[in-house]
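Copied over from Swiss-Prot, here are the features:
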- 46-66: transmembrane segment (TRANSMEM)
- 76-95: transmembrane segment (TRANSMEM)
- 139-159: transmembrane segment (TRANSMEM)
- 181-201: transmembrane segment (TRANSMEM)
- 226-246: transmembrane segment (TRANSMEM)
- 262-282: transmembrane segment (TRANSMEM)
- 303-323: transmembrane segment (TRANSMEM)
- 330-350: transmembrane segment (TRANSMEM)
- 352-372: transmembrane segment (TRANSMEM)
Amino acid sequence: MNVVLSKSALENVSKHKYSGIDDSILAKLILQKYWNFCLKFVPLNIAPYLITLTGTITILLSFFIVGYYSPYLEGTLPRWVYAMSGLTLFFYQTMDNLDGKQARRTGSSSPLGQLFDHGCDSIVCTLQSLIVASVANYGVGYISLIQLFITALLPFWMATWEEYHTGVLHLGPINGPDEGIIIIVCALLSTAIFGNAFWTFKPFVASSQLLPSIIQQWLPTFIQQLMLNEIIVASLSLPCLITCFFNIKNVVQHLQAKQKPILPALKHILVWVIITVSSFIWYYTSTNLLPLSSIWFNNIRTVQFSIGIIFGELVSRLILAHMCHEKYNIIQAPLYPLILSTFCSTINYFNGTIIIPENLLLILFTVTSFVHYSLFVKSTISQLCSYLNIKCFTITKKH
């Protein structure tokens, strides 16, 4: 949907200055030196947005290649595919950090750069989550949903939400964009070397002979049967939730210092809640009514990617609202396709029969999500470029 920015909104955007703090230990010790070294090889006439887009396209290609070999998020892939997925992610991280450096080096920094960069990041978040799900053999199930919504989308939303209210994007000493990506890269490359069998390894079963009988009796059966990939998702969920707690703490302290109401700010978290709850309900109703032919089984990547597109637009709208100094509404148009699809699937479930064909539902959901997001991107970039007197993919000479 086209977004019409008011004159006051555009004026606020033109005055916006990005404020970010990266306390990453790894970045300070190693990565910053590596990125500065790479920057020397980037020609001065290359636009920062082009660097951002190049990294995003690389992840998109990786997503399609992995999807070709693993359409259902499981199975053994060729070793080169694992290696490719790790190297493309590392390349993306490099590009994601070079764009800002290139903008400052060429004097082409602009508010559009922040929106474009973080907007691409929000899409990559879902793409990379699905790539990891295939490599780690998550398959179609709640484990892949938890991995996407809890360990990927939630931290991204909360960090952006904190920035909206405090004006600062603060990354901690150990964070996802730096340490998190390097850990994933190492995991992907390790899979290329050793194969993917270790992801489905059951450590409690393998160590049953070493565990005292009292511990074996105490451990519930479902825990004893946990695979390594499931243990990893559970282990990653906890620090993600802790990080979100500190996001909330920082916002509350900031608002209290400014003597502003807290509840309206907390309501913005409902956007992530709506996306997550709707997706889980849709998955449950669809897979229980159609155990073998559900679109969540046959088209899991398409469904989750479309949800990621919706998430990406909502994140971009939050960033835009922050730059425009405007209020952010909880219920917005990008949510409608997901809410409607969940509603239709729920009707099918409670009627015990297919009233609304799922294939039709999938087509409408996917097309609507992509078209809506595309129009938003086109409209927003066009208006910002026009008002700021810049071009998106070429560096505008300043007079």
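Residue positions begin at 1 at the first shown residue.
Using N, Cα and C of the backbone, Cβ positions are placed for all residues, glycine too.
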Any contact, the transmembrane segment (139-159) to the transmembrane segment (46-66), with at least 3 Cβ pairs under 8 A: no
The transmembrane segment (262-282) in contact with the transmembrane segment (303-323), cutoff 8 A, at least 3 CB pairs, sep 6+: yes
Long-range environment of the transmembrane segment (330-350) - Cβ separation under 8 angstroms, sequence gap at least 6: 1, 267-268, 270-271, 274-275, 278-279, 281-282, 285-286, 288-289, 306-307, 310, 313-314, 317, 356, 358, 361, 364-365, 368-369, 372-373, 376
Intrachain neighbours beyond the transmembrane segment (181-201), with Cβ under 8 angstroms and 6 or more residues off its ends: 26, 31, 76-77, 79-80, 82-83, 85-87, 89-90, 93, 128, 132, 135-137, 227-229
Contact set, same chain, for the transmembrane segment (76-95): CB under 8 Å, 6 or more residues outside the stretch: 34-35, 38, 51-52, 54-56, 58-59, 61-62, 65-66, 69-70, 124, 128, 131, 134-135, 177, 181-182, 184-189, 191-193, 195-196
Long-range Cβ neighbours of the transmembrane segment (226-246) (under 8 Å; 6 or more residues past either end): 136-138, 143, 146-147, 150-151, 154-155, 158, 172, 198-204
